[in-house]
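Participant: Following this message is one structure expressed as structure tokens.
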Amino acid sequence: IEDMEVEHVAPEGPDVAPVEEEPLFTNLDIFLFSLIVGLLIYWFLSRKKTEETIPEFKRLTPVVTLQRETSFIEKMKKTNRNMVVFYGSQTGTAEEFCGRLSKDAQRYGMRGMSADPEEYDMSELPRLAEIDNSLAVFCMATYGEGDPTDNAQDFYDWMQENDEDLKGVNFAVFGLGNKTYEHFNAMGKYTDKRLEELGGKRIYDLGMGDDDGNLEEDFVSWKEQFWPAVCEHFGVEATGDDTSIRQYELVVPTDINMNKVYTGEMGRLKSFETQKPPFDAKNPYLATVAVNRQLNQSGDRHLMHIELDISGSKIRYDSGDHVAVYPVNDVSIVNRIGQILDADLDTVISLNNLDEESNKKHPFPCPTTYRTALTHYLDITNPPRTNVLFELAQYATDPKDQDTLRKMASASPEGKGLYQSWVLDAQRNILAVLEDMPSLHPTIDHLCELLPRLQARYYSIASSGKVYPTMVSICAVVVEFQTSTGRTFNGVATNWLKNKVVVTDNGHKATVPMYVRKSQFRLPFKASNPVVMIGPGTGIAPFMGFLQERGWMKEQGKDVGETILYFGCRRRNEDFLYQQELEEFEKAGVLTQLNVAFSRDQEGKVYVQHLLKKNKEHLWKLIHTDNAHLYICGDARNMARDVQNTFYDIAEEVGGLTHTQAVAYIKKLMTKGRYSLDVWS
């Protein structure tokens, strides 16, 4: 567009400017005549050049190309597909499930393609009826408090705002959620219900995966029933061919320009060398580590406070936002995988999609080396999913190992039980699987094709953007435990962050690729509203930002309402996080009330919900009369649920409500944005 503007503007300069300057020239007629003639010739030539150039730009970006790129219908027709699988994915799991379904399609007489709804015009969904025996499948994850994932937001808005007729459109939905959250599988349920309301035909029941249980097992069980339903509906037959289907081909370039080889970048090549805003998931900012200190005084855990310097990045954040960091895998695991597979990890490779029409050309940035792929791009720490085990089985030379791997990938009760115990409960990662099955020797390129992408890790920001605009703080606990096989499981991101010393041995500053993700976890618009914050353990993180901001407001002379914190930890002398800062906030009057539950400092365990119960009269007054906002951050599985039940009790005991009324009352607070959750499981 800028080039186009230059082409239009450039010729005008010489044409107009001299006319304005005419009075400055000599009055000699001959000179004036020469000047006018010269200008006319120049104008004529420039005009001709412009007329020749403009059509070139039009040819470079023809409308047809844009239409083809956003039309999944045209793409399906062109590539002879009759099944499209859309994914709403935040951490990559729904995208992975989507890829597996589209890949499986050819085993069941269908021709599938996976698609990101963000990349296509979803208002074309009614046109799917134009394709014979067609089917749309949706793998939809629920994010946050019943929200769509970022890439499915536009599709969600379209479903809400439109009443298009989906008659003749066949669909099926698999939802990914977590039962510990209030709005379990909200996005999957809504998509399934709404598509039917619009006239679509559901060809198989809504599947609901529960990440608090066994998401993989839920998906495998669902698709075991889904495919026979597809065959029955369309009158097609399964091919019975269970052979491995490769999606990518290995290309080892002969003439290698190392400047064109990816070394860990998420999107643009060399983006870590030449940083350009805006910074996001595909273009993270390389922030320097300014502070890395241990928060706990003693105990067997390592709790840490890290500050990332974002000076000059133009990144803005608010209290309550999340910071995403891209971790790096443990080098010793990478080297050991290379050793077992007898692979040269420094070989430059490219894995190219065999489907040339696919928008996803590579499983990760290519060309790169095996070492970079295993270090930066692939998840080698979490237990492998069943599809990986199924595809790897062919490489086992021992028939028993082959059978075991295939059995674990099946939907049989025995296979599910074996996968649960041998892989999930034992926390076997891909390296442990290779070590414990010596006959298993897959090719390294196929392994790299099968492993899921290493995802960014999200942390609630522990600082205020108003008080510390150039610094983002993280509060985290290092994940480390012994597995039943005697191995040590180290959390990828927390161990990597723990080892980020401020200045490395060679004098360089340690860096972390990061970006900020906005959240709905916000302080009330009116500073005079009371705030009740409940955050045990590292759940205190966003409240450090809230307190800094409330203190800043107070300094500005604003009327700041009551600010109450309920914090919980094991022991006062062990893991009372930010004790000094909290006591200073209390002394300064920023923190009106500091309530700390030390669960193990006495005989009976005391948790935050017990302290809430103790102060029930005051809390009910704040909620019911003073328009207080409640915030809960931390563990979703137990703490958040227990706290919510405590508020039901308070509404019943002090407010005189029935249990049904109490539940409705808290739900209404949530709807009004006065009961906010930032929880994880």
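Placed from the backbone N, Cα and C atoms, the Cβ positions cover glycine too.
The FMN binding site annotation in TrEMBL covers 89-94, 141-144, 176-185, D211. According to TrEMBL, the NADP(+) binding site annotation covers R301, T538, S599, R600, K605, V606, Y607, V608, Q609, D642. Sequence annotations record features per position, and here TrEMBL assigns FAD binding site to R457, Y458, Y459, S460, C475, A476, V477, G491, V492, A493, T494, W680. For 83-227, the entry in TrEMBL reads domain 'Flavodoxin-like'. TrEMBL lists 282-524 with the feature domain 'FAD-binding FR-type'.
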Participant: For NADP(+), with binders R301, T538, S599, R600, K605, V606, Y607, V608, Q609, D642, what's the maximum Cα separation in whole Å?
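Facilitator: The two farthest binding residues have Cα atoms 24 Å apart.
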Participant: For the domain 'Flavodoxin-like' (83-227), DSSP counts of helix, strand and coil?
Facilitator: 65 helix, 35 strand, 45 coil
Participant: Suppose you look only at the domain 'Flavodoxin-like' (83-227); what would the mean pLDDT be?
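Facilitator: Averaged over the domain 'Flavodoxin-like' (83-227), per-residue pLDDT gives 95.
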Participant: Which number gives the other C-beta atoms within 10 angstroms of the C-beta of Y181 (FMN binding site), all protein chains shown included?
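Facilitator: Excluding its own Cβ, the number within 10 Å is 24.
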Participant: When you tally the Cβ atoms that lie within 10 Å of each candidate's Cβ, which of the binding-site residues (F184, Y459, Y607) has the highest tally?
Facilitator: Y459
Participant: So which binding-site residues are near V477 (FAD binding site), with CA atoms within 10 Å, out of S89, G92, A141, N178?
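Facilitator: Neighbours among binding-site residues: none.
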Participant: Here are the binding-site residues: S89, N178, T494, S599, Q609. Which has the lowest count of other Cβ atoms within 10 Å?
Facilitator: S599
Participant: Give me the count of other Cβ atoms within 10 A of the Cβ belonging to K605 (NADP(+) binding site).
Facilitator: 12
Participant: Given a 10 Å Cβ-Cβ cut-off, pick out the one of the binding-site residues R301, R457 that has the most other Cβ atoms nearby.
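Facilitator: Counting Cβ neighbours within 10 Å, the top one is R457.
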Participant: List only the single closest residue to N178 (FMN binding site), chosen from the binding-site residues R301, S599, Y607 by CA-CA distance.
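Facilitator: Its closest listed neighbour, by Cα, is Y607.
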Participant: Counting Cβ neighbours within 10 Å across all chains shown, tell me which of the binding-site residues A141, C475, V477, V492 comes out on top.
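Facilitator: The residue with the most neighbouring Cβ atoms within 10 Å is A141.
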Participant: Within 10 angstroms of the C-beta of G144 (FMN binding site), what count of other C-beta atoms is obtained when all protein chains are considered?
Facilitator: 17
Participant: Any idea what the Cα distance is from K605 (NADP(+) binding site) over to G92 (FMN binding site), rounded to a whole Å?
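Facilitator: Here the two Cα atoms are 38 Å apart.
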Participant: List the residues of the same chain that sit at least 6 positions away from G92 (FMN binding site) in sequence and have their Cβ under 8 Å from its Cβ, in sequence order, or write 'none'.
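Facilitator: Spatial neighbours, sequence-distant, of G92 (FMN binding site): P452, R453, Q455.
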Participant: Express the distance between the Cα positions of Y181 (FMN binding site) and Y459 (FAD binding site) as a whole number of Å.
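Facilitator: The separation of the Cα atoms works out to 18 Å.
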Participant: Give the distance between the Cα atoms of T494 (FAD binding site) and S599 (NADP(+) binding site), rounded to the nearest whole Å.
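Facilitator: Cα to Cα, T494 (FAD binding site) and S599 (NADP(+) binding site) are separated by 24 Å.
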